[in-house]
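> Attaching a single structure in structure tokens format; questions to follow.
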Amino acid sequence: MTLFDKLKGTALSLTFGAWGIAGFFAPAVLTKLRTVYALDGTLLMTGAIVLHAIPLSILLRYPRPINVGYFKNIITSWSAQKPGDSPKLRAISTLTPSEPWKIDKEVRAQGTFGKGNVPEESRPKGHVSNPQETPQKSLKVGISRAVRRLSSAAATVFKTPAFYVFMVATVVGDYSMVSVGTTLLDYAVDHGVNVDDATKLASLGAIGQLFGRLFLMPLADWAPIIRLPCFAGSFTLAAICTLILPHATSFGHIITLQIFVTTAQGFIVSVRSLLLAEYLGIERLATCVGLYGIILVPVSLCSPSIVGFFRDKKGSYDAFYRMLAGLNSGVAVVICGFIVFNFIRAKRQRAANTDKAPAQLQAPRSRGNLAAAQLA
């Protein structure tokens with residue numbers, strides 16, 4: 001998000017759009033793999049596919065901006081070139097001019113691997129080279145600094161009310177999304193739907209995911225003031241759909257509710273990072289996401305027991321979906337309270353700034369009157 005100023009939501013929607021597109025193909029691919037390679041082979045091949053994300057994430061460490069002007073010059077030169085002419089040789093420096101991301105990459109590389117080549121005058125003040133410093137000691141110093149930075153950042157976010165609001169929204173939103181996705185197929189089969197037809201719910205749910213991520217997020221960029229109200233409205237929509245779901249009487253009703261639920265979930269997941277960056281600061285985004293992930297660990301471990309309690313003890317998922325509806329409704333109420341809190345605080349700040357402005361204007365006048373009296 002640091003590479004975008006005005007279109008953060010659109011960029012995130014395109015990023016999360018791949019998640020929704022995968023929903024169209026993943027169920028069919030996994031079903032085919034299970035038929036051919038059984039469950040063990042399917043899990044092994046799925047893990048191998050996921051491992052490809054590691055080198056891709058490493059490449060994103062130094063993102064390269066696209067030089068549109070360079071490509072325009074190439075197209076212009078190709079169009080102006082005659083058929084019999086040979087292309088002129090150009091220096092590499094003219095084709096790939098130095099850019100800030102390259103300089104930053106070189107500086108990072110020198111700081112990591114070429115410390116001995118850095119001149120003394122370019123080193124920070126107070127730095128004393130210690131030839132006896134071992135790699136183990138350097139590692140300990142780096143770890144201690146990272147821990148201190150993390151603790152200071154965590155102490156800062158713990159004092160912010162927005163951290164707790166989005167913590168509740170993240171935990172409930174992620175738990176509700178995973179729980180509905182994993183139990184809806186079994187719920188449809190219990191209501192007499194064929195297994196082959198029930199497996200299509202995941203693919204049909206991808207329609208709602210794409211709509212929530214690709215079409216609603218640009219609206220949040222067009223009118224940033226509606227992000228938080230739409231965030232609360234998405235939880236309200238998810239609560240209504242999960243409350244109606246136990247009363248669905250046909251497969252068409254289940255599909256419709258699934259699309260509405262996934263639309264709300266897609267928007268919630270996409271806009272949440274924008275709201276965290278807006279209310280907590282983009283520099284604290286990684287800290288908040290890490291802390292939320294730690295909180296989600298015990299919730300994920302307890303999830304099978306919770307689902308099993310309603311499935312085995314209660315005999316159906318009806319009470320479970322009603323519980324999810326209550327949780328989503330509670331989050332919507334908390335976010336609405338946070339909206340009112342922000343409105344009142346902003347109103348008080350405007351009133352305080354309005355009171356300070358006349359006082360600042362009267363201060364120079366009073367000093368001028370005092371000087372005139374002294375001269376008289």
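In case you wondered, yes, glycine gets a Cβ from its N, Cα and C as well.
Marked as region 'Disordered' by TrEMBL: 112-139, 355-376. Annotated transmembrane segment per TrEMBL: 12-30, 42-62, 157-178, 198-216, 228-248, 254-277, 289-307, 319-344, in sequence order.
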> Between the stretches 42-62, 157-178, 198-216, 254-277, which wins on the count of C-beta pairs under 8 angstroms to the transmembrane segment (319-344)?
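Answer, by Cβ pair count: 157-178.
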> Please work out which recorded stretch in 42-62, 157-178, 198-216, 228-248, 289-307 has the most C-beta pairs separated by under 8 angstroms from the transmembrane segment (254-277)?
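Maximum Cβ contact count belongs to 198-216.
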> Sequence-remote contacts (6 or more beyond its ends) of the transmembrane segment (157-178), Cβ cut-off under 8 Å?
231, 235, 238, 242, 265, 268-269, 272, 275-276, 279-280, 284, 287-288, 291-292, 295-296, 299-300, 303, 324, 327-328, 330-331, 334-335, 338, 341
